[in-house]
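Per TrEMBL, the features are as follows:
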- 10-293: domain 'UvrD-like helicase ATP-binding' (DOMAIN)
- A31, G32, P33, G34, T35, G36, K37, T38: ATP binding site (BINDING)
- 293-578: domain 'UvrD-like helicase C-terminal' (DOMAIN)
Amino acid sequence: MTRSLCDAQEECTETQKEAVKYDEGPLLIVAGPGTGKTRVIIEKVAYLIKKENVDPGSILVITFTEKAAEELKNRLRKCVGLDVERMQVSTIHSFCNRILREYSEYHDLGAGFDILDNDDQLIFIRSHFYKLGLNKYIRMGEAPDVITFFNECSENCIDPEELKEALKREHPDNGRYHGFCDCYAKYLDLLKKEGKIDFPGLQRNAVELLESNEKVKEDLRTRFKYILIDEYQDTNPIQERLFELLASGNICVVGDEDQSIYGFRGSTVENIRSFEDKFNAHTIFLDENFRSRAGIIKIADEFMNKSRYYKKRIKAKRNGGYDVILLESRDAHDEARRIVRLLKNLKRDGIIPDYGHVALLFKSVRYHAGKIIGELEKEGVPYTIRGDGSFLDRDEIKSILYFLGYVNPPRYKNFRRWDWWNISMFDGEFLGLSRETKNALKGFGKTFKLSSLLDEESFKEAGIKEPADIKKLLGLNRLKEKIKKEPMSILEIFYKLLDITGYLGRLIEDDSYESRVKLLNLAKLSSIIKKYERTHARPSVQDFMWYLYLLPKHMQYDGETLDTPDSVKIMTIHQAKGLEFPVVIICSVVNGRFPRQGADNRSFVPIPEHLKLSQGDVGDEERRLFYVAMTRAQDILIISTAQRIRTRKVGYSPFIKELVRECELEWGCKRVEKCVERSLREDNIMTVNFSSLHTYEECPFRYMMIYHYGFIYPETRMQVYGKILHNCLEMLHKKMKKGEKVDIREIVETCWRSDKFKEKLEKQLKNYYNKNKDYIKRVIAVEEPFSIPKDDIIIRGRTDLIIENKDGEIELVDFKAREKAGIEYMGVDFQLRTYEYALSDKYKFDKLTAYTIKDNERTSFKPDPEHRIKNKIENIVDSIKNEKFKPKENYFCKFCIFQSLCGIQNEGLK
């Protein structure tokens, strides 16, 4: 065993040490569950920096999710300090985005493109459904199937015309297939025309850039001498192609074929199986499991062994009993009762200290967990759900969507199919009406038009007397009339409804657990609305309702939750991947679900195999999914099955029969050893930027609404323009840094495709450049990243520009799109001194400058070598951690969308 470079209390095994130190070319690390793969990645990076003196800027680390990237950065920061800011640690999509923007002059997209995530992509295709010609072949509700086809084409770099010719040969009489190829071609053209790019397009364009431009490829190969890729078993064909183009020698991939479970998203297990041969790589096996007790490892390993490509045996480093239980039930009701009774017994007998030590894993929470959730509620067992797709079922969401339709009614009556689309919404807490008003409303006949009451007297004549209720209902009706005359955005209507009803204020004032969850859900809806309006060509309440109504099962939004340490965790197996729990119960392991019967992996359009970059294999994915579920357990694994689902006899899963027959697993409960008591609180490190710090300084209440709960603040025209301007300035300064010719028109054309703002941009940039080209003696850094760690909060950001000016002074510059007269309210001195403090270990600044582009003026501040700003930052951070969100009057109050709320509890807010 060897001491860890990052934690003196930890030790590395011999195989971990070998993986950390290996530097003789491509390396494949096959890491079984619980074998410490993340530690190896961190130790390997630390070894390169601390022992081999490798430049952190030459290290590229690719992870599977944004969350994984942030967690890795935070752990690396503890080990290598601020060097982590110079590394590229990101998802593959973020990396592709970065290189496409950095080398924007070498491709047709430019630097001003917008990225469509999965939700955006569906909104975009719905928005252009008829323009793409999709209406000839499918209904609007089938758009997600088309997206799968489009993405598979993109991820295999398939040209639509080439695909069409191939399909004509293989399916000469199927005009539908040929037509979809035309739709795909139109989709690619439309994306380009509108300056948008989807996730597969990011990867495809990055690959095409490297394949077509030797300079860019060699530049990136020279820069990133060390490439580490996590979860390699979850990569797809185009990602493998990108890594082939990037790798110049020291590429290290970490993964486990046994945990490849994302074939439905296009990943292929063949990438990790073929890596050794394709890259002529050395292979190291991490096969010592530190997570699970020996009995769990024995069962899981025997179950998986027959399907392995790499012959390995996972060895348990922990002792312990044979703590695997098969729980048999008659039906779903009986299963729910048995599981909950077992949980209560485990707690009663001291096997678990609290319910937070238990995770219930399902194939689908939304469709399989209902009976168990009902039983947990009945027995008073606390739980937290992830992956239930319940967002649209939440009362607060149903209510506000109903009233969106009330003030701006959809033309079609189809929405009446939603069981909540009726007058009962006036009964709920959203309006908070008195009993008398509710009774009066119930007495109205079907022909009565509530919306026709447009003054107080009309309401009183109709029998509604309560002044507060009249104010709310009258507000709704007047908003309805206003919308007819003055079109409003959906987000504007959303906030008007919350204002008129006072609902948001009542939730904030209540401040209970349930009210906080409702605030999180309403904030999430504001984000969904913003996303829809930003992406759709012609946004409307009606189409937004259809968008929500037609969401496919796999894209249903999850309801928000506040995790509590002592609650049972309920989630899907896919969501549990990468996690671990003292007790795991795999629920509803019945025939037809494990493995899923009738699984159809065929594409919407059958893409000929010879056009694909590689041939995938998802044949054993169901087995791998079950293996992932089993290996989440640390101390106790419970596998639950039933004979019947509803009234239908389905029988046990074949996996259960196999475990009993071949792995000698026995039925029933037995005495199990006590769980190891652990702290289950996650190390949730909060990341904040200067904007959030400044928002808190202006008004803690506004900070709470925007950053704590996540309400979307409508973007101003000035903010949109400011972002475009900053992109142009970044490119301009990078060219100056490299000594390249500066062509302002070319920069504007590259960064912004629309004619809107273009003339103004060009004029302002020319004025700036002409005034400053001689003033700037040397560009030292553009978009220099920084971080300030403080306890469990990281303050991160980027500076606009660091220069040596004509007087030889090192100057820190931040740009503002406005005039000098407006910056006094923007906290620029706070901003510049924060940046100065963050970069004090690297630079000694002589001047701090805010540059206003509109009037080409400088506002300079003296540096503060004593960094007195540190106390201010620490006080703000401590207040955020302690949730001190009392309103604070300031210049921006008159513009604030939350202005009607902040007076409700000046004394009540912490």
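For all residues, glycine too, the Cβ spot is worked out from N, Cα and C.
Curation plays no part in TrEMBL annotations; they are all automatic predictions.
Each of the binding-site residues T35, T38 was scored by the number of other CB atoms within 10 A of its CB, and the lowest score belongs to T38. Packing around P33 (ATP binding site) is summarised by its Cβ count: 26 other Cβ atoms lie within 10 angstroms of its Cβ, all protein chains included.
All protein chains shown were included, and the count of other CB atoms within 10 Å of the CB of G36 (ATP binding site) stands at 23. Neighbour counts were taken at the CB atom with a 10 A radius for the binding-site residues G32, G34; the maximum falls on G32.
Remark: A31 (ATP binding site) has K37, V40, V254, G255, D256, L286 as non-local neighbours, by Cβ distance under 8 Å and separation of at least 6 in sequence. Around K37 (ATP binding site), taking its Cβ as the centre, 22 other Cβ atoms fall within 10 Å, counting all chains.
Look at A31 (ATP binding site): DSSP puts it in a strand.
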